[in-house]
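> Before I ask anything, let me first share the structure, which is written out below as structure tokens.
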Amino acid sequence: MALKLVIIGGGSSYTPEILEGIIQRQDTFPVNEIVLVDIEPGKDKLETIGNLGKRMIHQANANINLSWTLNRREALVNADFITTQIRVGGLQARSIDERIPLKHGFIGQETNGAGGIMKAFRTIPVLMEIAEDVQEICPDAWIVNFTNPAGIVTEALLNYSNHKKVIGVCNIPFNTQHSTAELLDVKPEEVLIEFIGLNHFIFGKKVLVSGKDRTEEVFDRLIHRETNYTPANIMPLDWSETFIQSTKLLPNPYHQYYFQTETVLEKDLQSYQENGTRAEVVQELEKSLFELYQQPNLKTKPKELEKRGGAFYSKVACSLMDSIYNNKNDVQTVNTQNNGTITDLPADAVIEVNCVITKDGPKPISIGKIPSPVKGIIQNMKAMEDLTIQAALSGNYQDAYNAFVMNPLIQDEKKAKVLLDELLEAHKAYLPQFKQ
Ligand code: G6P
Ligand code: MN
């Protein structure tokens, strides 16, 4: 049987990771056609990745026909799965998202604060177009979206596009599960963390190891700094005993932006002066990755790719697609529609949640109420995400301003305008909807 995967943003430096994941799963998830899609400015990178991919497939003796194209609509014909990993405006745009807020004394980050909102403004319209193409050309296909801000983008597609088979993924839950397993010296499959929240804003409520509650032990060892599940893009910071013991929740590395704002800002400003922002560090990293990828004797995914914050994202994506294909009914943490799973969030909100993965997609496992300490901030973040989506779709200035001023990392009525005006101007080439 034919099984076709289309990777949109195929020229990304991350692509060898997903190719490796597919090659390793040939027995259970027999993808036999992969098409990499990119746009004109990414043509050279696409070709480099395509040629490396061919060498990887040949080396592994896998039965996969790999090709690449700039024609997205053609690529989508007969697709079963589509992964989306695009960066509208490239790392250049990310650098602007990080630099402008920092310049005004705010956190500048890929998916948080003003930068995260701008990334959503640039990305949502493009993903909407992709989803409409999918609905028209291969309506039965699943879109697995990694494009950031993944939760917000997934919500925009599920609520406003005609294609409803969309799932958002991130490596944060995976990283947390794996580092917890390492800490407790057990296998990752034995660890089940009950998560609650949103993409890049989830908390761990409970840690079960083969059904046994070991939450307290994990809290204790986190306090004593025995574990660190921070991805490469975030500075590892400690959590105080009081924070962990009072909230009784396992934070994720992105929470430092909200609960250690001053410390992070100080450190970010310092590293910005020393090495530039993360986008600039990643630009250098990419340069050396692509030099490596061009070497004809490279036939596997190089270890250096693990220096990227998104390392292992494709393990998450591949096991998700494998479980859908095989109707595995296993539990994975993905971004999907709430529909009553968390009782104090809107039904149409996209949440990051443990789901049973079936051939009909993810079935969220009921959670109930949000724990009191973080109820307000999670509701606030969700409301801000919704404002962001409204503005991304309408291109209306007031809508955009509302998202900015209500963002917990901004919340300053005058500076919100300064930031928004400067960012809209800097990104205008990628914001056709804001022309007015
Ligand atoms: C984390 C996040 C990803 C994000 C990445 C950034 O892993 O979960 O969503 O894309 O970091 O990593 P980078 O290497 O691009 O800074
Ligand atoms: Mn992520």
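Backbone N, Cα and C atoms are what each Cβ position is placed from, and that goes for glycine too.
The substrate binding site feature in TrEMBL is assigned to Arg94, Asn148. The feature Mn(2+) binding site is assigned by TrEMBL to Cys170, His200. Positions annotated as domain 'Glycosyl hydrolase family 4 C-terminal' by TrEMBL: 195-410. What TrEMBL lists as site 'Increases basicity of active site Tyr' is Glu110.
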> Can you tell me how far the Cα of Arg94 (substrate binding site) sits from the Cα of Cys170 (Mn(2+) binding site), in Å?
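Roughly 18 Å, rounded to the nearest whole number.
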> Which binding-site residues of Arg94, Asn148, Cys170 contact ligand 1 in the sense of C-beta under 6 Å?
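Asn148, Cys170, in sequence order.
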> Given Arg94, Glu110, Cys170 as the recorded positions, which ones have a Cβ positioned under 6 Å from some atom of ligand 2?
Cys170
> If you measure Cys170 (Mn(2+) binding site) to Asn148 (substrate binding site) at Cα, how many Å is it?
9
> When DSSP is mapped onto helix/strand/coil, what comes out for Arg94 (substrate binding site)?
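Looking at the DSSP assignment, Arg94 (substrate binding site) belongs to a helix.
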> Long-range neighbours only, meaning 6 or more apart in sequence with Cβ under 8 Å: which ones does His200 (Mn(2+) binding site) have?
Thr111, Asn112, Pro149, Ala150, Gly151, Cys170, Ile172, Asn252, Tyr254
> List every residue in the same chain as Asn148 (substrate binding site), at least 6 positions away in sequence, whose Cβ is under 8 Å from its Cβ.
Glu110, Thr111, Gly116, Lys119, Thr123
> Would you count the other CB atoms within 10 A of the CB of Cys170 (Mn(2+) binding site), including those on all shown protein chains?
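Cys170 (Mn(2+) binding site) is surrounded by 27 other Cβ atoms within 10 Å.
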> Would you mind checking how many other C-beta atoms are within 10 angstroms of the C-beta on Arg94 (substrate binding site)?
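Arg94 (substrate binding site) is surrounded by 26 other Cβ atoms within 10 Å.
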> Restricting to the domain 'Glycosyl hydrolase family 4 C-terminal' (195-410), report the mean pLDDT as a whole number.
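95, rounded to a whole number.
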